[in-house]
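J.: Handing you a structure now.
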Amino acid sequence: MIAIIGGGKMGEALLAGLLATGYEADQLLVTEPNRERAEELHANHGVAAVPLAESARRAATVVLAVKPQDMVDLLDQIDGDLGSDTLVISIAAGITTSLLEKHLSGEVAVVRAMPNTPALVGRGMTAVAGGAHTADGQLDHAESLLRSVGEVVRVSERHMDTVTAISGSGPAYFYFIAETMIEAGVAMGMTRAAAKKLVTQTIGGAAAMLDDAGAHPVVLREAVTSPGGTTAAAVRELERHGVRTAFTDAIEAARERSRELSEG
């Protein structure tokens with residue numbers, strides 16, 4: 001039995017992903033304190049919405065999909081109800097495995113996961129790291145569950161702040177680029193709908209080529225950049241304005257902020 005505690009957008013995305021990839025509704029539980037929302041989840045997905053203690057007692061795997069500021073209180077509430085062999089997976093940003101272990105009795109297996117928002121459409125990127133008492137097989141299981149909403153990579157926990165900066169915050173960087181490109185198109189006389197279509201397909205297609213071709217981004221960029229051509233003129237302006245440095249600085253700033261939040 002798998003229990004998802006927290007019925008927000010990410011919790012529901014995982015619930016829907018598990019159902020779409022072969023899990024039956026009677027293999028899943030959901031706990032959501034808002035009664036109206038709990039009823040909505042049950043109506044939409046056919047999964048039993050149960051009290052917190054019941055989820056903790058019945059499930060072999062418990063996914064904690066609550067806000068970071070609510071995590072400690074939640075851990076203290078479920079501690080006495082978890083089985084000794086329960087696997088606990090947290091998808092809350094900045095919550096370390098050591099914090100999870102501190103608030104759970106015994107040698108509970110915990111996994112820290114960092115998904116990003118494209119998980120909401122089944123195309124997320126999630127990084128996972130195991131705690132001190134987590135076996136490889138349990139990490140394999142966590143990866144399998146999270147793969148229902150996208151791709152998964154296993155990392156050392158010391159890299160989780162970097163993961164947050166690159167993939168956790170990463171969608172916002174692409175939305176920023178998309179916003180800028182769309183506004184440029186509109187300023188040059190295009191309709192917003194046409195500009196958005198051009199930008200959306202271009203970003204999606206470029207990402208697919210980067211994934212499928214296996215080539216370094218530089219190789220793909222140079223393949224588009226003819227000497228003296230339009231792309232060369234554009235790249236020259238990006239370099240002149242220090243866009244590369246700005247992105248590096250932005251990612252470093254996000255990593256440092258993630259460290260600050262993790263340390264409380």
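Positions of Cβ are set from backbone N, Cα and C atoms, glycine also.
Note that TrEMBL annotation is computational and uncurated.
Heads up, here are the entries from TrEMBL:
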- 2-94: domain 'Pyrroline-5-carboxylate reductase catalytic N-terminal' (DOMAIN)
- Ile5, Gly6, Gly7, Gly8, Lys9, Met10, Ala65, Val66, Lys67, Pro68: NADP(+) binding site (BINDING)
- 157-261: domain 'Pyrroline-5-carboxylate reductase dimerisation' (DOMAIN)
J.: Please give the average pLDDT for the domain 'Pyrroline-5-carboxylate reductase catalytic N-terminal' (2-94) in this predicted model.
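T.: A mean pLDDT of 96 is what the model gives the domain 'Pyrroline-5-carboxylate reductase catalytic N-terminal' (2-94).
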J.: Could you put numbers on the helix, strand and coil content of the domain 'Pyrroline-5-carboxylate reductase dimerisation' (157-261), residue by residue per DSSP?
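T.: Summed by class, the stretch gives 90 helix, 0 strand, 15 coil.
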J.: Check the DSSP secondary structure of Lys9 (NADP(+) binding site), expressed as helix, strand or coil.
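T.: SS state of Lys9 (NADP(+) binding site) = helix.
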J.: Given a separation of at least six residues and a C-beta threshold under 8 Å, show me what packs close to Ala65 (NADP(+) binding site) in the same chain.
T.: Ile4, Ile5, Gly6, Gly7, Gly8, Met10, Gly11, Leu14, Ile91, Ala92
J.: Looking only at Ile5, Gly6, Gly7, Gly8, Lys9, Met10, Ala65, Val66, Lys67, Pro68, the residues listed as binding NADP(+), what is the longest Cα to Cα distance in Å?
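T.: Farthest Cα pair among residues binding NADP(+): 15 Å.
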J.: Within 10 Å of its Cβ, which one of these binding-site residues (Ile5, Lys9, Lys67) has the largest number of other Cβ atoms?
T.: Ile5
J.: Run through the Cβ atoms and count how many others sit within 10 Å of the one on Gly7 (NADP(+) binding site).
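T.: Excluding its own Cβ, Gly7 (NADP(+) binding site) sees 24 Cβ atoms within 10 Å.
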